[in-house]
Amino acid sequence: MGRWTITSGFDPPHQSDTRTVYIANRFPQHGHYVPQRFADNRIISSKYTIWNFVPKNLFEQFRRIANFYFLIIFLVQLMIDTPTSPVTSGLPLFFVITVTAIKQGYEDWLRHKADNEVNGAPVFVVRSGSLVQTRSKNIRVGDIVRVAKDETFPVDLVLLSSDRIEGTCHITTTSLDGETNLKTHYSVPETLVSRSVSRLESLHAVVECQQPDADLYRFVGRITITQQGEEIVRPLGPENLLLRGARLKNTKEIFGVAVYTGMESKMALNYKCKSQKRSAVEKSMNTFLLIYLGILLFEAVLSTILKYAWQAENKWDEPFYNQKTEQERNSSQILKFISDFLAFLVLYNFIIPISLYVTVEMQKFLGSFFIGWDLDLYHEESNQMAQVNTSDLNEELGQVEYVFTDKTGTLTENEMLFRECSINGVKYQEINGKLVPEGMTDDSLDGSSPRLVKSHLTPLPNCEELLFLKAVSLCHTVQISYEQPGDGPGDPFSHANGFSSQMEYYASSPDEKALVEATKRMGVTFMGSHGETMEIKTLGKSEKYKLLHILEFDANRRRMSVILQTPSGEKMLFTKGAESAVLPFTTGGEIDKTRVHVDEFALKGLRTLVVACRHFSAEEYVEVDRLLHEACTALQQREERLAEVFSFIEKDLELLGATAVEDKLQEKVQETIEALRLAGIKVWVLTGDKHETAVSVSLSCGHFHRTMNILELVQQKSDNECAEQLRQLARRIKEDHVIQHGLVVDGASLSLALRGHEKLFMEVCKNCSAVLCCRMAPLQKAKVVRLLKTSPEKPITLAIGDGANDVSMIQEAHVGIGIMGKEGRQAVRNSDYAIARFKFLSKLLLVHGHFYYIRIATLVQYFFYKNVCFITPQFLYQFVCLFSQQTLYDSVYLTLYNICFTSLPILIYSLFEQLVHPHVLQSKPALYRDISRNSLLSFKTFLYWTLLGFCHAFVFFFGSYILMGEDTSLMGNGQMFGNWTFGTLVFTVMVITVTLKLALETHFWTWMNHFVTWGSIAFYFIFSLFYGGIIWPFLHTQDMYFVFVQLLSSGSAWFAIVIIITTCLFPDIIKKVFYRHLQPTSTQKSQLIETDHQGIGCLDSMCCYSQGENGCTRLGRMVEQVIGRCDPVRGNRSWSDTDPFYSNDQSILTLSPMEATHC
């Protein structure tokens, strides 16, 4: 048998770019040798260690503007005399830093735990003449490692020997490049005999190879073996290297020498460096903080200037009751100005809400548990629930614009199923292991039908069907493993009897395996190959064929062939490949009918292959054999010469038929992709698989539509060719702007496109509804994600995959999601979120993402609003106290405002709020567009909340001032109110108003919302009565003694409280009512009740008469539409999964419902 590996010849790498590995670490004995230092075999995906956690975490936290700002304020309070205590800034800062550090430390501990599982895995290495068990992390470069069947390789190994006589082994690289096909790797002839530990111990060899490289498909090296004093040099290539993360298949055990370990292995080099991901909301928060910092500096500078302008008059500079000391008179004016400026800065510093960060951290941490608790994201078969590795990005799930997904194991199940075939122009389908002509059922045919293969016991009179099945069962590179307890593979032919329960096929592609298994069910069974012999069993009768040549598949030909000698001595060629690569070379058979059938198969989303054959005369075969031998031994232009010979051989073919195989998709993949598309999210498929396979799966999963115009950028050879093709594609898109376009691009063409034509490539991609990238290396996937990420629009990206080959893009994207599939846990360990199936992505984004975003967006805006309300009266107060830096509020109130009085309602809101029912969000994916592009944190919205805060603050201050400005004798006994009573009145109105404002924003009320909303107001009153009603011995001064009791004993104060709160909130209610009625968003429309729905509305029930509707009913219906739903139980309204409206929007604005029966 002739078999060739086309290589470009061995070119030893330059000395400076090489590493020398002494097998079994037998270093030269002369004294001049200095061993090279190599990385250990630990994999590290964590960010911190026990030593750098504190400094590194503090550094990252103080990069946040608010944290750094409060640190400065705290230091200022320590250094100079300020109106407030350093505790007011230091305590909240310490709390924020501590909570954040605990959260991030816990998340990193989980990463350490996952790393330890990998690094602590048991492995066997040859040391000191024996096989020793150790941990994976202890493997060193040069160690000889033993790997058994179905184990993953713990390091990058050069294959030395296997239990097979020919020294080969079979591996799958699914977790590296997404390919499920079986790959054959080889050892060099001089080491393949070293199958035992004793033989390996006596092996003297040195491996020289290139330094670590991220390219999975490139390896250049050589091995020098010393035998009987003679040195033998052999080249090493990718076919000799076993990569970490790949899995050994169909081979009992192998021995290999470790050449790349740990973070220098190719798998680890394809990981991106783990960087700190920051959400768009956090970036918006920092922008808003800068604006508020500007407001703060403006207020502090203005107050300082006005103070000195006021004090220009002597009577105010040094009044009789406040004489200056000699030191104060002689002090520097500049230092006094700076000191006053810093004092005002401290006085107003609460406008920057430090508690915002701790609330956000708690909201993210606690909110992330909802994903794990969601039973809709639980996969019962694998007993796996959704997992959150990084809670910092919860809200980013609601902002995704591009999804980049792997194919194999993410969209598909990695299971191929034979469905249909066309034989000699007749279409068949498989029913219960039998081929049945289309239009008939198994029961309607009897055993004598000439076109029915009933089973391997049924005679088959038609030789055309039999030849087709033989061609399918022989034209492949399938390997067979025979499982027997305590037995190795052995001789395949010794298992000819009773093979069915012990035989397992391993194929070079999943299609081949599915086809060989299908022919076995239909009576033509491939029994295995041994050396140059292939055996099949046809209807119970054994036949042996001699394998003469294999013409391997390549991307240009898009077909593969085998040349066989039949049992009768005839030489035959069997060919299979894509229809475009085979049909043009056929001269006989039912060509037109088969072409129609292939198109029909493709429309069903099935993967098709065309099968043909050619008979050689003795003279023709001699010529073919000679040409193949000359081409494969050529030293120059070997690839071109082989391609010419293959074209000469694979012609004048006789068409036998076509096969149709289904690549089984995961459940609900098509529905998920369609939901994402309706939500305005573009889906890109990035896969390492072949072009044809990838396109077929894209069509079957709905990524590409049948009506879509598919554009291709494949097999580009040069920059100029690539640029010209991109220009042509751009022109086609402009000309056919009405039609949807899909783009297919391969890895080689992508490299050229990204090299100098990024702008043109992005223009083409953005005008395509769907993009498919095939033959992608792991780092290429990350480059594509980065290209979109850094484009001018700065879209939010999400990457999802299940293998180690997806880790780079998962880490590059704004949000990375790992699938808990069959390809190991690398993707899950390095992801931000992990789910068991692709279908769960729709709920994760459309529901959880929606909820997280609206919650945290409102949380951020509300925090700025309530802090403007809090500190603006303090600024206004300075105008009536000559800018003396007198505080309006007691220091206890200053400290507890954000920590106790107003913190819990917004925290509970941010955990439980639901604008729309989850069923509605999933059934109406377009609602996702309402929150896209960070719309709820736009500058317009931010400006609204800020101005609202200033307006409310003015009402608080001047409303209280008008009440007390002219006459402070508001008590019945003539007692007067002082400045602390005035400040307490402002503070009381403020606490109640900001709490009720949040109540107005709440749509989804739970008992916890009620408890914390009304409980916070009640707690403020109880605390104030308790704090001001007792003389506390540990306080130096107690300005608030009996102030609150005195305030509440005044009827005028109560009247002012009610009037001020109403004045603040009533315009807001009016605005919400009219905006919801006149300009409702899609989300608000989904909350409205249908006017013609059966049943009676809550407001209608208050206005109904026996004569029917009246004006009140009409008004009630309008208001009910504006303010949302009422209680569904009392309105006799039931909820179903198909109901398009929201059943739980019990808004505080909704009037108490009445029983409909009362009418």
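Each residue, glycine too, has its Cβ placed from N, Cα and C.
Annotation comment: TrEMBL describes ASP406 as active site, 4-aspartylphosphate intermediate. Under the heading ATP binding site, TrEMBL lists ASP406, LYS407, THR408, GLU512, PHE553, LYS576, ARG607, THR687, GLY688, ASP689, ARG775, LYS781, ASN805, ASP806. Taken from TrEMBL, the feature Mg(2+) binding site covers ASP406, THR408, ASP802, ASP806. Look at TrEMBL and you will find 35-89 tagged as domain 'P-type ATPase N-terminal'. Marked as domain 'P-type ATPase A' by TrEMBL: 123-208. The annotation domain 'P-type ATPase C-terminal' is assigned in TrEMBL to 828-1081. Taken from TrEMBL, the feature transmembrane segment applies to 65-80, 287-310, 341-360, 844-865, 942-964, 976-999, 1011-1035, 1041-1066.
Of all the binding-site residues listed (THR408, ASN805), ASN805 sits in the most crowded Cβ setting, with the most other Cβ atoms within 10 Å. Residues 862, 865-866, 869-870, 873, 877, 881, 886-890, 893, 897, 901-902, 905-906, 909, 952-953, 956-957, 959-961, 963-964, 968-970, 1013, 1016-1017, 1020, 1024, 1039-1040, 1043-1044, 1046-1047, 1050, 1053, 1056-1057, 1060-1061, 1064-1065, 1068, 1148 of the same chain, all 6+ positions outside the transmembrane segment (976-999), place their C-beta atoms under 8 angstroms from a C-beta of that stretch. Only residues 6 or more beyond the boundaries of the transmembrane segment (1011-1035), in the same chain, are considered here, and those with a CB under 8 A from a CB of the stretch are 892, 896, 900-902, 904-905, 907-908, 984, 988, 991-992, 995, 998-999, 1002, 1041-1045.
Proximity to ASP802 (Mg(2+) binding site), judged by a C-alpha distance within 10 Å, picks out ASP406, THR408 from the recorded positions ASP406, THR408, PHE553, ARG775. As a whole-number mean, the pLDDT of the domain 'P-type ATPase C-terminal' (828-1081) in this prediction is 86. A separation of roughly 9 Å, to the nearest angstrom, links the Cα atoms of ASN805 (ATP binding site) and ASP406 (active site, 4-aspartylphosphate intermediate). Looking at which of 287-310, 341-360, 844-865, 942-964 has the most CB pairs under 8 Å to the transmembrane segment (65-80), the answer is the stretch 341-360. Within 10 Å of the C-beta atom of ARG775 (ATP binding site) sit 20 other C-beta atoms, taking all shown protein chains into account. A distance of 26 Å separates the Cα atom of PHE553 (ATP binding site) from that of ASP806 (Mg(2+) binding site).
Proximity of distant same-chain residues to the transmembrane segment (287-310), defined by a Cβ-Cβ separation under 8 Å and at least 6 residues beyond the stretch ends, is recorded for 65-66, 69, 316, 337, 340-341, 344-345, 348-349, 351-352, 860, 864, 867, 875, 878-879, 882-884, 942. Look at the domain 'P-type ATPase N-terminal' (35-89): DSSP puts its residues at 27 helix, 0 strand, 28 coil. Neighbour counts of Cβ atoms within 10 Å were compared for the recorded positions ASP406, ASP806, and the top value is held by ASP806.
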